[in-house]
Amino acid sequence: MEEENATLLTEFVLTGFLYQPQWKIPLFLAFLVIYLITIMGNLGLIAVIWKDPHLHIPMYLLLGNLAFVDAWISSTVTPKMLNNFLAKSKMISLSECKIQFFSFAISVTTECFLLATMAYDRYVAICKPLLYPAIMTNGLCIRLLILSYVGGILHALIHEGFLFRLTFCNSNIVHHIYCDTIPLSKISCTDSSINFLMVFIFSGSIQVFSIVTILVSYTFVLFAILKKKSDKGVRKAFSTCGAHLFSVSLYYGPLLFIYVGPASPQADDQDMVEPLFYTVIIPLLNPIIYSLRNKQVTVSFTKMLKKHVKVSY
(Lines of atoms letter the chains of each structure in order from A and count residues from 1; the text may use other names and numbers.)
(Lines give C-alpha, C1' and ligand atoms only; values in the text may rest on other atoms or scores of the structure.)
Protein backbone atom coordinates (compact mmCIF):
# COMPACT_ATOMS: atom_id res chain seq x y z
CA MET A 1 0.00 0.00 0.00
CA GLU A 2 2.86 2.37 0.79
CA GLU A 3 4.40 1.65 -2.61
CA GLU A 4 1.12 2.54 -4.36
CA ASN A 5 0.81 5.86 -2.49
CA ALA A 6 4.47 6.84 -2.95
CA THR A 7 5.52 9.26 -5.68
CA LEU A 8 7.28 7.34 -8.44
CA LEU A 9 10.65 8.76 -9.44
CA THR A 10 11.51 9.28 -13.11
CA GLU A 11 14.92 10.95 -12.80
CA PHE A 12 18.16 9.77 -11.23
CA VAL A 13 21.50 11.17 -10.15
CA LEU A 14 24.55 9.24 -11.35
CA THR A 15 27.05 9.97 -8.60
CA GLY A 16 30.09 8.58 -10.40
CA PHE A 17 33.23 10.13 -8.91
CA LEU A 18 31.44 13.31 -7.83
CA TYR A 19 31.93 12.56 -4.13
CA GLN A 20 35.51 13.89 -4.57
CA PRO A 21 34.98 17.36 -6.10
CA GLN A 22 38.66 18.31 -5.80
CA TRP A 23 39.44 15.66 -8.44
CA LYS A 24 36.70 16.80 -10.83
CA ILE A 25 38.87 18.64 -13.38
CA PRO A 26 41.86 16.23 -13.35
CA LEU A 27 39.52 13.24 -13.76
CA PHE A 28 37.60 14.99 -16.54
CA LEU A 29 40.81 15.69 -18.47
CA ALA A 30 42.15 12.17 -17.90
CA PHE A 31 38.97 10.45 -19.07
CA LEU A 32 38.63 12.86 -22.01
CA VAL A 33 42.14 12.05 -23.25
CA ILE A 34 41.56 8.31 -22.77
CA TYR A 35 38.24 8.51 -24.63
CA LEU A 36 39.73 10.41 -27.59
CA ILE A 37 42.64 7.96 -27.87
CA THR A 38 40.21 5.02 -27.59
CA ILE A 39 37.96 6.30 -30.37
CA MET A 40 40.84 7.26 -32.68
CA GLY A 41 42.61 3.94 -32.06
CA ASN A 42 39.58 1.74 -32.66
CA LEU A 43 38.18 3.69 -35.61
CA GLY A 44 41.68 3.88 -37.08
CA LEU A 45 41.96 0.10 -36.85
CA ILE A 46 38.58 -0.31 -38.57
CA ALA A 47 39.71 2.05 -41.35
CA VAL A 48 42.96 0.11 -41.90
CA ILE A 49 41.11 -3.21 -42.16
CA TRP A 50 38.42 -1.70 -44.40
CA LYS A 51 40.94 -0.10 -46.80
CA ASP A 52 43.27 -3.09 -47.23
CA PRO A 53 41.72 -5.99 -49.24
CA HIS A 54 44.44 -8.31 -47.92
CA LEU A 55 42.93 -7.94 -44.44
CA HIS A 56 39.45 -9.04 -45.52
CA ILE A 57 39.92 -12.45 -43.91
CA PRO A 58 38.28 -13.93 -40.78
CA MET A 59 41.02 -12.96 -38.32
CA TYR A 60 40.85 -9.29 -39.25
CA LEU A 61 37.08 -9.22 -39.72
CA LEU A 62 36.83 -10.34 -36.09
CA LEU A 63 39.44 -7.78 -35.05
CA GLY A 64 37.58 -4.99 -36.85
CA ASN A 65 34.33 -5.91 -35.12
CA LEU A 66 36.09 -6.04 -31.75
CA ALA A 67 37.33 -2.49 -32.41
CA PHE A 68 33.78 -1.41 -33.31
CA VAL A 69 32.31 -2.91 -30.13
CA ASP A 70 35.08 -1.39 -27.98
CA ALA A 71 34.30 2.06 -29.42
CA TRP A 72 30.59 1.35 -28.80
CA ILE A 73 31.13 0.40 -25.13
CA SER A 74 33.28 3.46 -24.49
CA SER A 75 30.82 5.79 -26.25
CA THR A 76 27.91 4.41 -24.24
CA VAL A 77 29.50 5.22 -20.88
CA THR A 78 32.20 7.89 -21.18
CA PRO A 79 30.36 10.91 -22.74
CA LYS A 80 27.72 10.94 -19.99
CA MET A 81 30.41 10.52 -17.35
CA LEU A 82 32.37 13.45 -18.82
CA ASN A 83 29.24 15.58 -18.92
CA ASN A 84 28.57 14.88 -15.24
CA PHE A 85 32.00 16.18 -14.28
CA LEU A 86 31.17 19.66 -15.60
CA ALA A 87 27.37 19.94 -15.70
CA LYS A 88 25.50 21.56 -12.83
CA SER A 89 22.70 19.02 -13.13
CA LYS A 90 23.78 15.39 -12.80
CA MET A 91 20.29 14.11 -13.58
CA ILE A 92 19.45 11.36 -16.05
CA SER A 93 15.87 10.49 -16.96
CA LEU A 94 14.50 6.98 -16.49
CA SER A 95 14.05 6.54 -20.26
CA GLU A 96 17.61 7.75 -20.96
CA CYS A 97 18.83 5.44 -18.22
CA LYS A 98 17.12 2.43 -19.80
CA ILE A 99 18.50 3.31 -23.25
CA GLN A 100 22.03 3.59 -21.87
CA PHE A 101 21.74 0.24 -20.11
CA PHE A 102 20.32 -1.45 -23.23
CA SER A 103 23.21 -0.16 -25.36
CA PHE A 104 25.73 -1.18 -22.70
CA ALA A 105 24.27 -4.69 -22.31
CA ILE A 106 24.32 -5.35 -26.08
CA SER A 107 27.90 -4.16 -26.56
CA VAL A 108 29.41 -5.91 -23.53
CA THR A 109 27.66 -9.22 -24.25
CA THR A 110 28.64 -9.05 -27.92
CA GLU A 111 32.27 -8.54 -26.90
CA CYS A 112 32.11 -11.67 -24.73
CA PHE A 113 31.03 -13.73 -27.74
CA LEU A 114 33.56 -12.00 -30.01
CA LEU A 115 36.47 -12.79 -27.68
CA ALA A 116 35.40 -16.45 -27.58
CA THR A 117 35.13 -16.53 -31.39
CA MET A 118 38.57 -14.94 -31.77
CA ALA A 119 40.08 -17.55 -29.43
CA TYR A 120 38.51 -20.34 -31.52
CA ASP A 121 39.87 -18.69 -34.68
CA ARG A 122 43.40 -18.71 -33.21
CA TYR A 123 42.98 -22.35 -32.17
CA VAL A 124 42.10 -23.42 -35.71
CA ALA A 125 44.83 -21.24 -37.27
CA ILE A 126 47.63 -22.58 -35.03
CA CYS A 127 46.51 -26.14 -34.28
CA LYS A 128 45.03 -26.95 -37.71
CA PRO A 129 46.84 -24.62 -40.12
CA LEU A 130 46.29 -26.78 -43.22
CA LEU A 131 42.54 -26.99 -42.59
CA TYR A 132 42.18 -23.35 -41.53
CA PRO A 133 41.10 -21.97 -44.96
CA ALA A 134 38.49 -24.72 -45.26
CA ILE A 135 37.16 -24.42 -41.70
CA MET A 136 37.32 -20.69 -40.97
CA THR A 137 35.82 -19.28 -44.14
CA ASN A 138 34.53 -15.74 -44.49
CA GLY A 139 31.01 -17.18 -44.61
CA LEU A 140 31.44 -18.95 -41.26
CA CYS A 141 33.06 -15.84 -39.80
CA ILE A 142 30.12 -13.65 -40.83
CA ARG A 143 27.64 -16.16 -39.37
CA LEU A 144 29.55 -16.20 -36.07
CA LEU A 145 29.57 -12.39 -36.05
CA ILE A 146 25.82 -12.28 -36.64
CA LEU A 147 25.28 -14.79 -33.82
CA SER A 148 27.44 -12.65 -31.50
CA TYR A 149 25.36 -9.52 -32.15
CA VAL A 150 22.05 -11.40 -31.98
CA GLY A 151 23.16 -12.99 -28.69
CA GLY A 152 24.01 -9.54 -27.36
CA ILE A 153 20.62 -8.13 -28.36
CA LEU A 154 18.65 -11.05 -26.90
CA HIS A 155 20.58 -10.92 -23.62
CA ALA A 156 20.00 -7.17 -23.35
CA LEU A 157 16.28 -7.59 -24.08
CA ILE A 158 15.91 -10.06 -21.21
CA HIS A 159 17.36 -7.68 -18.63
CA GLU A 160 15.67 -4.65 -20.17
CA GLY A 161 12.33 -6.41 -19.82
CA PHE A 162 12.92 -7.10 -16.12
CA LEU A 163 14.17 -3.53 -15.66
CA PHE A 164 10.79 -2.22 -16.85
CA ARG A 165 9.02 -3.97 -13.97
CA LEU A 166 10.96 -1.96 -11.39
CA THR A 167 9.53 1.17 -9.79
CA PHE A 168 11.48 3.79 -7.86
CA CYS A 169 10.02 5.78 -4.98
CA ASN A 170 12.57 5.94 -2.15
CA SER A 171 15.86 7.12 -3.62
CA ASN A 172 17.03 8.42 -6.98
CA ILE A 173 20.75 8.27 -6.17
CA VAL A 174 22.54 5.73 -8.41
CA HIS A 175 26.01 5.14 -6.96
CA HIS A 176 27.57 4.18 -10.27
CA ILE A 177 29.25 5.63 -13.38
CA TYR A 178 26.44 4.52 -15.73
CA CYS A 179 22.93 3.08 -15.54
CA ASP A 180 23.14 -0.63 -14.83
CA THR A 181 20.57 -3.16 -13.73
CA ILE A 182 22.28 -4.03 -10.42
CA PRO A 183 22.56 -0.51 -8.90
CA LEU A 184 19.05 0.29 -10.17
CA SER A 185 17.70 -2.90 -8.59
CA LYS A 186 19.31 -1.91 -5.27
CA ILE A 187 17.30 1.34 -5.04
CA SER A 188 14.02 -0.03 -6.40
CA CYS A 189 10.96 -0.10 -4.14
CA THR A 190 9.78 -3.18 -6.08
CA ASP A 191 11.02 -6.63 -5.08
CA SER A 192 14.08 -6.99 -7.33
CA SER A 193 15.19 -10.49 -6.32
CA ILE A 194 14.10 -11.86 -9.71
CA ASN A 195 16.31 -9.24 -11.42
CA PHE A 196 19.36 -10.37 -9.46
CA LEU A 197 18.52 -14.00 -10.26
CA MET A 198 18.26 -13.28 -14.01
CA VAL A 199 21.62 -11.49 -13.93
CA PHE A 200 23.23 -14.46 -12.18
CA ILE A 201 21.72 -17.04 -14.55
CA PHE A 202 22.10 -15.35 -17.94
CA SER A 203 25.17 -13.16 -17.40
CA GLY A 204 26.88 -15.97 -15.51
CA SER A 205 26.13 -18.54 -18.22
CA ILE A 206 27.43 -16.28 -21.01
CA GLN A 207 30.60 -15.41 -19.13
CA VAL A 208 31.35 -19.01 -18.12
CA PHE A 209 30.72 -20.24 -21.69
CA SER A 210 33.00 -17.64 -23.25
CA ILE A 211 35.73 -18.00 -20.61
CA VAL A 212 35.79 -21.79 -20.96
CA THR A 213 35.94 -21.46 -24.77
CA ILE A 214 38.86 -19.02 -24.49
CA LEU A 215 40.79 -21.09 -21.94
CA VAL A 216 40.33 -24.38 -23.81
CA SER A 217 41.30 -22.78 -27.13
CA TYR A 218 44.44 -21.16 -25.73
CA THR A 219 45.40 -24.34 -23.86
CA PHE A 220 45.51 -26.21 -27.18
CA VAL A 221 47.34 -23.26 -28.74
CA LEU A 222 50.01 -23.30 -26.02
CA PHE A 223 50.55 -27.05 -26.41
CA ALA A 224 50.90 -26.57 -30.17
CA ILE A 225 53.42 -23.76 -29.62
CA LEU A 226 55.53 -25.90 -27.26
CA LYS A 227 55.92 -28.50 -30.02
CA LYS A 228 57.63 -25.95 -32.27
CA LYS A 229 61.40 -26.18 -32.56
CA SER A 230 62.08 -22.50 -33.16
CA ASP A 231 62.89 -20.71 -29.89
CA LYS A 232 62.19 -17.35 -31.52
CA GLY A 233 58.78 -18.53 -32.74
CA VAL A 234 57.94 -19.93 -29.31
CA ARG A 235 58.89 -16.68 -27.56
CA LYS A 236 56.89 -14.60 -30.02
CA ALA A 237 53.83 -16.85 -29.77
CA PHE A 238 54.02 -16.91 -25.96
CA SER A 239 54.32 -13.13 -25.90
CA THR A 240 51.26 -12.73 -28.14
CA CYS A 241 49.14 -15.29 -26.27
CA GLY A 242 50.18 -13.80 -22.94
CA ALA A 243 49.11 -10.32 -24.05
CA HIS A 244 45.75 -11.65 -25.27
CA LEU A 245 45.11 -13.54 -22.02
CA PHE A 246 46.11 -10.47 -20.00
CA SER A 247 43.50 -8.41 -21.87
CA VAL A 248 40.86 -11.11 -21.44
CA SER A 249 41.54 -11.41 -17.69
CA LEU A 250 41.20 -7.63 -17.22
CA TYR A 251 37.89 -7.78 -19.07
CA TYR A 252 36.32 -10.83 -17.46
CA GLY A 253 37.67 -10.46 -13.92
CA PRO A 254 35.54 -7.43 -12.97
CA LEU A 255 32.57 -8.75 -14.98
CA LEU A 256 32.56 -12.01 -13.01
CA PHE A 257 32.95 -10.19 -9.70
CA ILE A 258 30.09 -7.76 -10.41
CA TYR A 259 27.55 -9.94 -12.23
CA VAL A 260 28.23 -13.45 -10.93
CA GLY A 261 29.58 -12.81 -7.44
CA PRO A 262 27.26 -12.10 -4.51
CA ALA A 263 25.71 -8.64 -4.75
CA SER A 264 26.21 -6.43 -1.71
CA PRO A 265 23.02 -4.69 -0.53
CA GLN A 266 24.84 -1.36 -0.19
CA ALA A 267 26.78 0.49 -2.85
CA ASP A 268 30.49 1.13 -2.30
CA ASP A 269 33.42 2.69 -4.14
CA GLN A 270 34.33 -0.63 -5.80
CA ASP A 271 31.04 -0.43 -7.72
CA MET A 272 32.55 2.46 -9.69
CA VAL A 273 36.19 1.41 -9.97
CA GLU A 274 35.68 -2.13 -11.29
CA PRO A 275 33.50 -1.17 -14.30
CA LEU A 276 36.31 1.12 -15.49
CA PHE A 277 38.24 -1.97 -16.56
CA TYR A 278 35.73 -3.14 -19.18
CA THR A 279 34.27 0.27 -20.11
CA VAL A 280 37.40 2.47 -20.25
CA ILE A 281 40.68 0.55 -19.89
CA ILE A 282 40.08 -2.48 -22.15
CA PRO A 283 38.66 -0.44 -25.08
CA LEU A 284 41.84 1.65 -24.83
CA LEU A 285 44.24 -1.32 -24.62
CA ASN A 286 42.71 -3.71 -27.17
CA PRO A 287 43.87 -1.83 -30.30
CA ILE A 288 47.41 -1.85 -28.86
CA ILE A 289 47.37 -5.49 -27.76
CA TYR A 290 45.71 -6.95 -30.86
CA SER A 291 46.97 -4.58 -33.57
CA LEU A 292 50.30 -2.88 -32.89
CA ARG A 293 51.78 -6.32 -32.19
CA ASN A 294 50.43 -7.55 -35.56
CA LYS A 295 52.87 -7.10 -38.45
CA GLN A 296 50.23 -7.10 -41.21
CA VAL A 297 48.18 -4.40 -39.48
CA THR A 298 51.20 -2.18 -38.83
CA VAL A 299 52.39 -2.56 -42.46
CA SER A 300 48.90 -1.70 -43.78
CA PHE A 301 48.65 1.26 -41.42
CA THR A 302 52.07 2.57 -42.54
CA LYS A 303 51.10 2.25 -46.21
CA MET A 304 47.80 4.05 -45.64
CA LEU A 305 49.54 6.80 -43.67
CA LYS A 306 52.18 7.33 -46.37
CA LYS A 307 49.50 7.41 -49.06
CA HIS A 308 47.49 10.09 -47.24
CA VAL A 309 50.63 12.14 -46.51
CA LYS A 310 51.56 12.12 -50.22
CA VAL A 311 48.02 13.14 -51.21
CA SER A 312 48.04 16.03 -48.72
CA TYR A 313 51.29 17.35 -50.19
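Using N, Cα and C of the backbone, Cβ positions are placed for all residues, glycine too.
The topological domains that Swiss-Prot gives for Trp50 and Asn294 carry the same name, which places both on one side of the membrane. Which of Cys179, Cys189, Cys241 pairs with Cys97 is settled by Swiss-Prot: its disulfide partner is Cys179. Among the listed stretches 29-49, 57-77, 99-119, 144-164, 272-292, the one sharing the most Cβ pairs under 8 Å with the transmembrane segment (196-216) is 99-119. With Cβ pairs under 8 Å as the measure, the transmembrane segment (99-119) is packed most heavily against 144-164, out of 29-49, 57-77, 144-164, 272-292. When pLDDT values are averaged over the topological domain 'Cytoplasmic' (50-56), the model yields 90.
Counting other Cβ atoms within 10 Å of each Cβ, the disulfide-bonded residues Cys97, Cys179 show the lowest value at Cys97.
Highest Cβ pair count under 8 Å relative to the transmembrane segment (272-292), across stretches 29-49, 144-164, 241-261: 241-261.
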